[in-house]
Amino acid sequence: MDVIIDKNSGYCFGVEFAIQMAEDEMATGEPLFCLGDIVHNSMEVERLAKKGLKIIDREELKKLSDCKVLIRAHGEPPETYQLALENNIELVDASCPVVLKLQNRVKASFDAIDSKDGQIVIYGQEGHAEVIGIAGQTGDKAIVITTEKDLDKIDFEKPVTLYSQTTKSTQGFYKMKDLIEARVAEAGKNVDENFEYNDSICRQVSNREPQLRKFSKEFDVVIFVSGKKSSNGKALYGVCKQENERSYFVENETEIEPSWIRATDNVGICGATSTPMWLMEKVQNYIQAHSWN
């Protein structure tokens with residue numbers, strides 16, 4: 001039995017940067033708060049909590065003053081920065097550069113089309129931290145769509161500008177883009193004049209899709225390691241499952257079922273851009289040490 005970890009799996013640079021910033025700040029001995037889970041992986045959140053990172057939500061942020069708060073890679077809406085200013089909160093800003101660039105693009109688009117009664121549409125997960133930050137650039141006027149059913153939120157009589165959450169699947173984005181184009185045409189509008197789309201998916205994420213397709217085909221079984229909250233994890237696991245029916249999603253090694261693996265199987269281990277390498281190594285060690293039928 002071979003048990004191989006995908007060399008392309010593990011943190012994207014945005015998550016790696018945020019975790020490094022958190023560890024550097026905690027090394028000074030000063031208290032550090034983080035607005036939301038620093039990464040959508042409960043095992044890593046737990047590891048950093050043991051080092052002293054205190055996770056807070058937006059309601060708790062409103063009660064803080066004179067302290068340090070980390071902004072995670074997902075980014076934040078403008079009101080978070082305003083609140084920090086008012087309450088003398090020092091922000092340690094670990095917003096991913098790719099997300100910040102997207103926020104700026106969305107704000108520029110919104111400023112350009114708002115007077116023309118146009119609509120900013122975001123293909124993403126409602127309530128996701130990154131989407132909250134992006135929608136905040138439009139004063140929360142952006143329309144968030146996740147499924148085809150959500151297209152009914154859009155007024156196809158008015159211009160539409162489409163963006164994507166950076167961690168969504170490329171396939172899903174282009175499917176949504178085609179559906180919107182069709183609906184604009186059905187409304188009797190000129191598609192070129194009334195619809196603009198922007199593929200704002202992070203290339204480190206989209207490049208993982210073809211890599212994972214290839215990786216998944218090379219093994220009898222694929223164990224995909226990710227936090228259940230990870231949007232990117234759900235998308236990439238879907239890619240594995242398309243290519244290899246014997247792909248399984250776990251948060252850690254304790255979730256592996258005995259029936260999944262046979263003694264003669266070659267096993268591939270991979271994960272989301274929010275999955276730490278140490279966790280995949282833990283899964284690898286567990287499989288190698290276990291007796292399989």
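The backbone N, Cα and C atoms fix where each Cβ goes, glycine too.
Under the three-state DSSP scheme, Glu130 (active site, proton donor) falls in the helix class. Positions annotated as active site, proton donor by Swiss-Prot: Glu130.
Taken residue by residue with DSSP, Cys202 ([4Fe-4S] cluster binding site) is part of neither helix nor strand, so it is coil. The Cβ of Cys202 ([4Fe-4S] cluster binding site) has Cys12, Gly14, Cys96, Val98, Thr166, Thr167 as same-chain neighbours under 8 Å, each 6 or more residues away in sequence. Annotation source Swiss-Prot lists [4Fe-4S] cluster binding site at Cys12, Cys96, Cys202.
Cβ neighbour count for His74 (dimethylallyl diphosphate binding site) (all protein chains, 10 Å cutoff from its Cβ): 29. Look at Swiss-Prot and you will find His40, His74, His128, Ser230, Ser231, Asn232, Ser274 tagged as dimethylallyl diphosphate binding site.
Cβ neighbours within 10 Å of His40 (dimethylallyl diphosphate binding site), excluding its own Cβ and spanning all shown chains: 27. What Swiss-Prot records for His40, His74, His128, Thr166, Ser230, Ser231, Asn232, Ser274 is (2E)-4-hydroxy-3-methylbut-2-enyl diphosphate binding site.
The feature isopentenyl diphosphate binding site is assigned by Swiss-Prot to His40, His74, His128, Ser230, Ser231, Asn232, Ser274. DSSP assigns Ser231 (dimethylallyl diphosphate binding site) to a helix.
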### Query
Relative to the Cβ position of Asn232 (dimethylallyl diphosphate binding site), how many further Cβ atoms are located within 10 Å?
26
### Query
Looking at the binding-site residues Ser230, Ser274, which sits with the largest number of other Cβ atoms within 10 Å of its Cβ?
Ser274
### Message
Under 8 Å between C-beta atoms and at least six apart in sequence, can you list the same-chain neighbours of Glu130 (active site, proton donor), or say none if there are none?
### Response
His74, Gly75, Val99, Gly124, Gln165, Thr166, Thr167
### Query
In sequence order, which residues at least six apart in the same chain have a CB under 8 Å from the CB of Ser231 (dimethylallyl diphosphate binding site)?
His40, Gly124, Gln125, His128, Gln165, Thr167, Lys168
